[in-house]
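**Q** Shown below is the structure under consideration.
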């Protein structure tokens, strides 16, 4: 039976009154009881911006509306105690977006990006010497962490991804058709921040393995939301010199006037809304999805109806709209003089306020509360854990007892706790989950059953993680994702044993897939992976610089092998198996593997995040022949005027071979040489070319399968450098 969700925080409205064009048929419209808390949060943010950053119109045309502010109707399921800080964060997003759009040179995106990435890793943002924007972001993190640390971290990660996208996106203007424009516009709709705010506000946790699937489900919703924004903002934007708006593009595409353009756009909005209404219905009845994912999709439908109603009356899009009386008083005198009116003094809403304060409790908070007094529900009492490993028995020196043990076949079992501990350690580190996203996005085409897809994800993640354990050991890497490498905690022997155990486990999973070809595919790609790694180690140990061709073949075998295994296993388990060969997706896997590896080579040398997570220019410590280093060496060899630099580089690489690492000063010398040979610029240019080829390959596959793949394109966009 499809679940029905409690709606204690809102009241149902007659959508037909507020949606005369019937844009969101089939979706209810609800209004939050704690609407006033949204206004308070928005005004607090505006006041802080003026105090910490600079001037701002009063009131600012952000999320506020005279009848309905945005969250009030777009997230009617928001837990009341989370409404104010959620609104504060959203208003900051509105203000910051306007700064980017109007004054890109003043946007301080790098500072914001760095701060949010710090928040995503640590749960706090350093404010010392920070910009006003970063101080505000730190305030948001503090308030959210005090309420729900687990989901506050999701907000920080999602927001950081959104800022990163804004900083790196390419401004495109020459769209000829609506279908060309929609993918670009949908990426720009602010979904990444909105995802974090909704999951925080409603206390939802999406399992990592279902995140990419959620993005796929939301494709028509993001399309509809972005087109609704364009529909209502066109009046404000239509005289802009560089207008980017769906109404304008429809007019240009069909050679029609504004009235017809609007009607055509409304028809497309209704079409996308209907798609999402069906997705909401289908999702509720699925047995292979978590309850939180189902609830998330259900909650997101109100974003669509709420967005329509808010857009129709908000001052952000309607320049003649007037603020309500309380909003004008708060804008003039501040929220300190006109504080929140919720919950009302008569106690009429106390029942939902109290319900909200416990319903939204995160798992971590619940465990913490339970451990204060009594059993903590894990493996101990009052927060004191029992040892993870217990001894088999008490040692005895009595001959008869020892002989009895030696002859017994009924000894206690040894658990897998010890062999799994190094693996559990590395998997506890933060991961971006690109491989899971790749599986889910590719499955948009292959329709591989959920049970098989889950197993394939496990196989790929086991192999990838085990490879990282061995790579770090073989390269003598001190850090992995900012923490000590596994072998530096558990030692080389236990690390090798634990990694090898994962390979055997993954083999068993591959053998358990329904298509017997899967084990053959698994073995073929594992062999490729080991051979590729052998060349990487051989070149490093013997200080042999490979050719570009040798390097790329090694990458195809080592890095591309896992992506190739992923696509081949999914194809083998797909109901389309008879219609497509297991090599159909090989070009995509090959390009992704090359792009990933060369991107990793580049980031290792230039990224501050990589330096924090792995150490400064760590590839040079390892003596690894990266794409950039190969270009540098080959350029030096071809240019006699750089003979001195060539000799110096060779001496430094030999020094690394003898001492096992390089000083930071030596690494900076090598980076200076790379600047002379323009090797970093060359690598970046190759990455951009590869990304273009990847985009073309995705387009080829979209035509072949007859289905656009928004999730895959979003993943590729996030990887762009």
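Just so it is clear, glycine is given a Cβ too, placed from its N, Cα and C backbone atoms.
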**Q** State the residue range annotated as motif 'DDXXD 2' by Swiss-Prot; the candidates are 466-470, 471-475, 476-480, 481-485.
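**A** Matching range for motif 'DDXXD 2': 471-475.
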**Q** According to Swiss-Prot, which listed range is motif 'NSE/DTE': 229-237, 238-246, 247-255?
**A** 229-237
**Q** According to Swiss-Prot, which stretch among 87-91, 92-96, 97-101, 102-106 corresponds to the feature motif 'DDXXD 1'?
**A** 97-101
**Q** Which three-state DSSP class does residue 97 (Mg(2+) 1 binding site) fall into?
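**A** Going by the DSSP assignment, residue 97 (Mg(2+) 1 binding site) falls within a helical segment, counted as helix.
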